[in-house]
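> I have a structure I would like to understand better, so I am pasting it below and will then ask my questions one at a time.
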Amino acid sequence: MTINPTTPRTITLLGATGSIGHSTLDVIAQHPQRYRVHGLSAYRRLDALLSLCQQFQPAQVAVPAESVDRFAQQLAQAGLAHIEVLGGESGLRELATAPEADTLVAAIVGAAGLMPTLAAVQAGKRVLLANKEALVMSGALFMQAVADHDAELLPVDSEHNAIFQSLPESYTSLTASGVDKILLTASGGPFRGRSAESLQEVTPEQAIAHPNWSMGQKISVDSATLMNKGLELIEACWLFHATPADIDVIVHPQSVIHSMVRYADGSVLAQLGVPDMRTPIAHALAWPERIRSGVQPLDFMTLGQLTFEAPDHTAFPCLQLAEQAFAAGGTAPAVLNAANEVAVDAFLKRQIRFDQIAQVIDHTLQQRAPKSANQLDEILSEDRLAREQAQAYIATRTIAATTSPKTTTETATETTTHTSTGRN
Ligand SMILES: NC(=O)C1=CN([C@@H]2O[C@H](COP(=O)(O)OP(=O)(O)OC[C@H]3O[C@@H](n4cnc5c(N)ncnc54)[C@H](OP(=O)(O)O)[C@@H]3O)[C@@H](O)[C@H]2O)C=CC1
Ligand SMILES: CC(=O)[C@@H](O)[C@H](O)COP(=O)(O)O
Ligand SMILES: [Mn+2]
């Protein structure tokens, strides 16, 4: 069934050159009458951004400040001089708040996404949130801004989108809706079932090879350490006004059930689908309507078994570190996030071992007593200090480089497909 759009939407997509960016533009391209692209942003992959400009003809783009002149020249040479090029953090904020766009897709990875996403919230936009780190860092302030500015926040992260779909449309609180538990599913990552000891030897290439999803490098490593589930637990608490006690993490290696909600009467509502981010993206783009996403239907006849198990907190301590940081409150989740970003980057550059990621985060959390997170300045200051402390700790732990002369970043850049579709 084709649904006629009631209101054509104008989209700004931050992080257009990434995995979520690619999936979002794939869905948008399937519905040219329904969506118009106003703005795109990129960071390093500016050649890819140029191709996207040719295809989607945005009015504005944002790139790093030092790349503005060069990119404007490239646009002019391609006959696209009419596209305005904005630069740096202020450029990202200007793009995120441009009055011409009603919807922001927040798909920058990491803390860099916080400022422009929050700016879009403060401008009262519909915000499709993939950038979970923004909410982890600034949850209370972010959700208050959503309420104060009458913004519309729609979760793109597959689990949170599944929970959103499994809650009533009139949802205000777990209690008012008769919800007993949120069941947050986790794939367990590529190292599920491995012992803590054996994880000392794993390589970045193994860590980014997620069993079910093809995603950016940072979130892939987060899935491998289970930090992704820790970040998602915090994300779910803020999005659904829940506490960690309201949420059970269940390892479900097939990633077919994207999360569930159990109600007081014993009913469990779940959202299932082929693991392909175009489904939650299409859901959030069209909400409350439904549109085609290009995703293959789930075939129950060939699905095989759906299995479930408990997370292994010994081999994967990051989930509990996230729970501890959330319980500590204030700026602790921002510190957790910053230390994790630094540690994952060091692991990808082969400066530390996989198991040392958790050590860096634990150490950094212990160094920084939580402060109030009521002001953005306080959060950004703790983010910066935590990064410095994590870096300093890593400097004392750095392992000898392994055999490959290439960094993982170089290796993966050559092979990245920029899809978030399932592998199986
Ligand atoms: N991939 C997935 O399936 C899912 C991802 N998410 C979340 O979505 C977000 C994006 O993930 P994903 O698409 O996988 O990541 P990618 O690494 O594939 O893409 C990241 C995007 O952010 C841009 N970027 C990176 N650093 C900066 C910076 N400092 N300033 C501005 N832009 C920057 C990149 O630009 P460039 O490429 O030009 O350097 C790229 O467009 C993350 O928060 C992740 O946790 C959530 C659920 C699923
Ligand atoms: C696609 C998506 O939403 C990712 O966050 C994915 O869920 C990662 O999977 P795990 O963290 O469960 O391995
Ligand atoms: Mn997820």
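Even glycines carry a Cβ here, placed using N, Cα and C.
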> Using only what TrEMBL says about NADPH binding by Thr17, Gly18, Ser19, Ile20, Asn131, Glu133, Gly216, identify which of Arg44, Arg93, Arg262 is listed for that site too.
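According to TrEMBL, the candidate sharing the NADPH site with Thr17, Gly18, Ser19, Ile20, Asn131, Glu133, Gly216 is Arg44.
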> Given TrEMBL annotates Ser158, Glu159, Ser187, His210, Ser223, Asn228, Lys229, Glu232 as 1-deoxy-D-xylulose 5-phosphate-binding, which of Lys132, Lys181 belongs to that site as well?
Lys132
> Other than Lys132, Ser158, Glu159, Ser187, His210, Ser223, Asn228, Lys229, Glu232, which residues of the same chain sit close to 1-deoxy-D-xylulose 5-phosphate? List them in sequence order, counting a residue when its Cβ is within 8 Å of the Cβ centroid of the site.
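These residues sit around the 1-deoxy-D-xylulose 5-phosphate site: Asp157, Ala186, Ile219, Asp222, Leu231.
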> Tally of helix, strand and coil residues over the domain '1-deoxy-D-xylulose 5-phosphate reductoisomerase N-terminal' (11-139) according to DSSP?
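Taking each residue of the domain '1-deoxy-D-xylulose 5-phosphate reductoisomerase N-terminal' (11-139) in turn, the totals are 65 helix, 27 strand, 37 coil.
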> Could you find out if DSSP has Gly216 (NADPH binding site) as helix, strand or coil?
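DSSP call for Gly216 (NADPH binding site): coil, neither helix nor strand.
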> To see if you understand the setup: which same-chain residues, six or more apart in sequence, place their Cβ under 8 Å from that of Arg44 (NADPH binding site)?
Thr17
> If we check Cα distances from Ile20 (NADPH binding site), which of the binding-site residues Asp157, His210, Glu232 wins as closest?
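So, spelling it out, the nearest of the binding-site residues is Asp157.
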> When DSSP states are folded down to helix, strand and coil, where does Asp157 (Mn(2+) binding site) land?
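In three-state terms, Asp157 (Mn(2+) binding site) counts as coil.
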